[in-house]
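A.B. asks: Sending over a structure as structure tokens; questions will come in a sec.
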2 protein chains.
Amino acid sequence: MNYPLEIIAPSNYVLATAEAENAPIVLAGVLLSLIVIYLASKLGGELSRMLDFPPVLGELVGGVVVGASALHLLVFPESGATASDSMLMTVLQFFDDVSPEAINSIFESQSEAVSILAELGVIVLLFEIGLESDLRELQKVGSQAAVVAVVGVVAPFIAGTAGLMFLFNVPVIPAIFAGAALTATSIGITSKVLSELGHLKSQEGQIIVGAAVIDDVLGIIVLAVVASLAKTGEVDVFNVVYLIISASAFLIGSILLGKFFNKSFVFTAELFQTRGNIVIPAFIFALFMSFVANAIHLEAILGAFAAGLVLDETDKRNELDEQVIPIADILVPIFFVSVGAKVDLSVLNPVVPENRQGLILAVFLIVVAIIGKVITGWSVFGKPGINRLAIGVGMVPRGEVGLVFAGIGAASGALDKPLQAAIIIMVILTTFIAPPLLRFAFGDAPQDAVEEADAAS
Amino acid sequence: MNYPLEIIAPSNYVLATAEAENAPIVLAGVLLSLIVIYLASKLGGELSRMLDFPPVLGELVGGVVVGASALHLLVFPESGATASDSMLMTVLQFFDDVSPEAINSIFESQSEAVSILAELGVIVLLFEIGLESDLRELQKVGSQAAVVAVVGVVAPFIAGTAGLMFLFNVPVIPAIFAGAALTATSIGITSKVLSELGHLKSQEGQIIVGAAVIDDVLGIIVLAVVASLAKTGEVDVFNVVYLIISASAFLIGSILLGKFFNKSFVFTAELFQTRGNIVIPAFIFALFMSFVANAIHLEAILGAFAAGLVLDETDKRNELDEQVIPIADILVPIFFVSVGAKVDLSVLNPVVPENRQGLILAVFLIVVAIIGKVITGWSVFGKPGINRLAIGVGMVPRGEVGLVFAGIGAASGALDKPLQAAIIIMVILTTFIAPPLLRFAFGDAPQDAVEEADAAS
């Protein structure tokens, strides 16, 4: 029930916290946020499709429109926004008489809930991508994917760092930081576009996904190196070795463990007869793998991807696929719209002097960012006739991973304002340009892929 | 990515809040909570089914086992628990070195996220129940349902209040509060059991659901009266009139609005071609109705139920039904396990003297609670041969609604400890006894209902 003025606290406990008092208003805030997110994702996605762009681009743009750049309906405290910056909170205050202190705590609770839903969204997305990927196919292109990932980390890192130092006289530490930000690849955005184009299961698609996974692991290691460099001036070798070992152990271990878990999954799914007998055991596994990945300081989404890969090998995969689709449809847009909403396009405003300097640096970073990844397509060996441009373009979007690099750089004080702005602009541009570029690189989608995409929609 | 020691804050913003720093650990806490919830719900549900009880009873018991009564894996700050009471937080601290202040804020954020997920779970449950219910069927039994609801509010309220005053010498205000707590009916638990037994669409099922909805509205009005009595000693007539008018307007308005929205829903679902073209517009509508119900101080779940009823009238209902099932399978268990986890069975311990007095009061309240609702079955008119016992038993569970009454009574200071404990025990017992009783009242489920339930599972 909904008693905004009452304090809800069960029975023999005396503590009646402010959180409980505000619970119905926080719920109202989350409901409104979800309505905004779904409207933005659906209108953006459908418009994008009509204009012949991948729908996910429209979801990102929809997020920009409702987010910090324009309507301020969806803003987040970690970007420095307060309750008074949020149009949603203004709407809520219209319905409920809330004190100024309460509204800030409501805003933070609501934002945190939406962020957790977005995290669950990208976990479900990578689980679904794992389910759609084929472990044997991935192993076949594993060495190519590894080379693509390594080239895609080394080339933009060296070109970016050296260019900033020698062309723009940027000191070594910030130059290294900006170079590191160029190494990221957003597996979420790339894999979603591939899936929408019906190219996820192609050789190119599997190389891109494999390389993006490896890139994620490499990115974590690069960031650990750069962050310790920025903080202490030297590299924490122990941490780097720990990350390399734990990441390798996790990926190999999950595939080995998977063969065992496969059988028990099918067994329990057949034993269970109540509702959710397939999807709940699958989610327990996916969430467990995500937790393990998170606990050893990798990304949670890597665990979800591994879980999806493993369960793809079972007899239950078709039933599971079908049931995961609506869950993904509900949760994944929360992630993409949030990514868009967190982008602040005001860094593009050339009237601000700092932005002007940043824009010049940004042009350089964007060129390196695109070329440094596009060339990775030509590092693929032993696959004549493969679409090298598509592979290279598939590695271009930096997405949320790039924002994390920029955020850590900003927090550590290693980056000055113009360079921060330049990195943000690079991230925005590579993220938004990749979906249409990828569509272009693949040319017109093959007929069966189009049908498949239609059937899935 | 996952950088527990780093501060993540994008670019040109300087604010790096503690929330952002702890974000990966909060995520880890939510992932662990969900793993615990799904394990409890599935193991409990399957065991319950094997013992021939409705699965939802097992989910509630599973919640009790992992919750405040036993394992302390899932505890909530609004019940007075702190991070040190939570076994989950102890597990998290093993993986990450977190300061004592940080762990409390992580605990609160994680609990809040789980609570919001549980709220979304019961919203989706009532949306699904609305989709499974038939508006015309409900309208046919509307007058019977209204009588059942009114009798089910008046009979236990008068018997409970009078009994406490004259048999146990309880003062008038606490007696009225306890009497009010007896009026609640948990629509979530009742409708879930009906659905599991394959009786949701029967005449009895539709009368119970209709009566439970009306009971919810009556309950909100009763509580507003009682709460203002307890606080100021007099009834806030304006608030009561406001609630009656807004509730009626909402229910009638949503059905009228529904006829218009129906057409636009089918139109957009056909216009849209990207993924989620049916389920996202449906969710926008359901969340919007939930928000409106919440905003006019009704329960959010009433809005979700109305949205489901309305969309059940469209051509898209079969497709929508199918897609909502896996979403409900993932979200609904979070609600039931949380309800179980919030129950503290320590009030049943007769070694504590306060509990002994409470237990005696509880026996009286339980008798009134069961008889006062069971007799409602015999108030059904014009339906010869209807299963009156089943209707009466269907109104018995107090569930989360009863806990809210007890909580508000405790917070307002109107209830002393023994009476609080007695109400809690009454709520627990009526909630846990209703599923097997309902199964018994319906006798063996008809063959087609069993098949239907199997097919749905």
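Backbone N, Cα and C atoms are what each Cβ position is placed from, and that goes for glycine too.
Note that TrEMBL annotation is computational and uncurated.
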A.B. asks: Tell me which range among A:172-195, A:388-411 TrEMBL lists as transmembrane segment.
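C.D. replies: TrEMBL lists transmembrane segment for residues A:172-195.
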A.B. asks: Cβ under 8 Å to the transmembrane segment (A:53-76), counting only same-chain residues 6 or more beyond its ends: which ones?
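C.D. replies: For the transmembrane segment (A:53-76), the far contacts come to 33, 36-37, 39-41, 43-47, 85-88, 111, 114-115, 189, 192-193, 196-197, 333, 336-346, 431-432, 435-436, 438-439.
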A.B. asks: For the transmembrane segment (A:23-41), find every same-chain residue at least 6 residues outside the stretch whose CB is under 8 Å from a CB in it, and list them.
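C.D. replies: Beyond its ends, the transmembrane segment (A:23-41) has Cβ neighbours at 2-4, 8, 58-59, 62-63, 65-66, 73-74, 88-89, 91-92, 95-96, 98, 102, 106-107, 109-110, 113-114, 117, 333-334, 336-338, 340.
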A.B. asks: Which residues, given as numbers and ranges, are at least 6 beyond the ends of the transmembrane segment (A:282-310) yet have a Cβ under 8 Å from it?
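C.D. replies: Counting only partners 6 or more residues beyond its ends, the transmembrane segment (A:282-310) has Cβ contacts under 8 Å with 119, 122-133, 135, 138, 187-188, 213, 216-217, 220, 243, 246-247, 250-251, 254-255, 257-259, 261-262, 265, 320, 324.
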A.B. asks: Between the transmembrane segment (A:419-438) and the stretches A:143-166, A:172-195, A:207-229, A:359-381, work out which stretch tops the count of Cβ pairs under 8 Å.
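C.D. replies: Comparing A:143-166, A:172-195, A:207-229, A:359-381 against the transmembrane segment (A:419-438), the winner is A:359-381.
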A.B. asks: Report, as numbers and ranges, every residue of the chain located at least six residues beyond the transmembrane segment (A:359-381) whose Cβ falls under 8 Å of a Cβ in that stretch; write 'none' if there are none.
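C.D. replies: Those are 144, 147-149, 151-152, 155-156, 159-160, 163-164, 167-168, 178, 182, 185, 207, 211, 348, 350, 387-393, 395-396, 398, 418-419, 421-423, 425-426, 429-430, 433, in sequence order.
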